[in-house]
Ligand SMILES: NC(=O)C1=CN([C@@H]2O[C@H](COP(=O)(O)OP(=O)(O)OC[C@H]3O[C@@H](n4cnc5c(N)ncnc54)[C@H](O)[C@@H]3O)[C@@H](O)[C@H]2O)C=CC1
Ligand SMILES: O=C([O-])CC(=O)C(=O)O
């Protein structure tokens, strides 16, 4: 049986890391696409040359021609611009919206049956716009953010509790911005919810609040350290987890920016929610119940995303 085809639209920091991970994990053959001449070709060749030592079977190709993504099973989109220190993700809206238009059209023409994972920021508005520009079915277009934000939360919690990251589970929902919603009640260590761990004396509410805030600021923390761009190892790993769930029909329960129409009281909006990802793409949005405080935080985040979607419509009238 032929190997799956994975098209990576954008061959920058995340795109290159995605290609390396996809090859090492033998998820399929990889096509790296970018408008920068030489970058995708150079990265594809470099990673292919790591194959003999690593021992993977995967073909890698770099290209500046959308025709080469033809028939891709998965497209992961990182094309665009990352932020620099002092900027918010939302400052990227105007410039990256134009990129989503060309990418959406390229995918619609050459890989209309792909499962599309958008990473480009500001994430929730860009995945909405990418879906609009591509016209693909909603369940086949989603955004990566919740897996990353939850991974950051899990990492910080594992440091606090001195336990394995594997035994920490977490859900960070809402928009991928300053208003994101780390849900402590739905986050656990060995199945024990965080509020119970506070009662058990494993940590204090103050320390937990600080970890929640560090999670919300997780992207900015890396931007501040790197100074020239944003995080890419954890973002790439997170998107690969989603791609693998689709390609292997794993039915993983993962938080991602999905189209929500009915669940959680939402009507036709992309925002971070718990989902099931399998061969059908986003197969289910989990309609979790939130308490009053959680709902208030989630509503605030949803409003921020709605504002960005309106801003997109204001910039590009074809979206209105
Ligand atoms: N959703 C999330 O959780 C995260 C999102 N991001 C976002 O991902 C995006 C990419 O980040 P990096 O890979 O670090 O940036 P990068 O600058 O290293 O790579 C972006 C690539 O996109 C290419 N590009 C620009 N316009 C293009 C077009 N029209 N068609 C095809 N390629 C095009 C550039 O040539 C460049 O190689 C940024 O918008 C960043 O903010 C980053 C981390 C996490
Ligand atoms: O912070 C950024 O600009 C990149 C990003 O979305 C993240 O790392 O969470």
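Cβ atoms are placed via backbone N, Cα and C, with glycine included.
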Per TrEMBL, 10, 11, 12, 13, 14, 15, 34, 119, 120, 121 bind NAD(+); matching candidate in 96, 113: 96
Residue 176 (active site, proton acceptor): nearby binding-site residues from 12, 14, 121, Cα cut-off 10 Å: 121
Count of other CB atoms lying within 10 Å of the CB belonging to residue 176 (active site, proton acceptor): 28
Mean of pLDDT values spanning the domain 'Lactate/malate dehydrogenase N-terminal' (5-143): 98
CB within-chain contacts under 8 A for residue 34 (NAD(+) binding site), separation at least 6: 9, 10, 11, 12, 15, 40, 62, 64, 79
Cβ neighbour count within 10 Å of residue 14 (NAD(+) binding site): 27
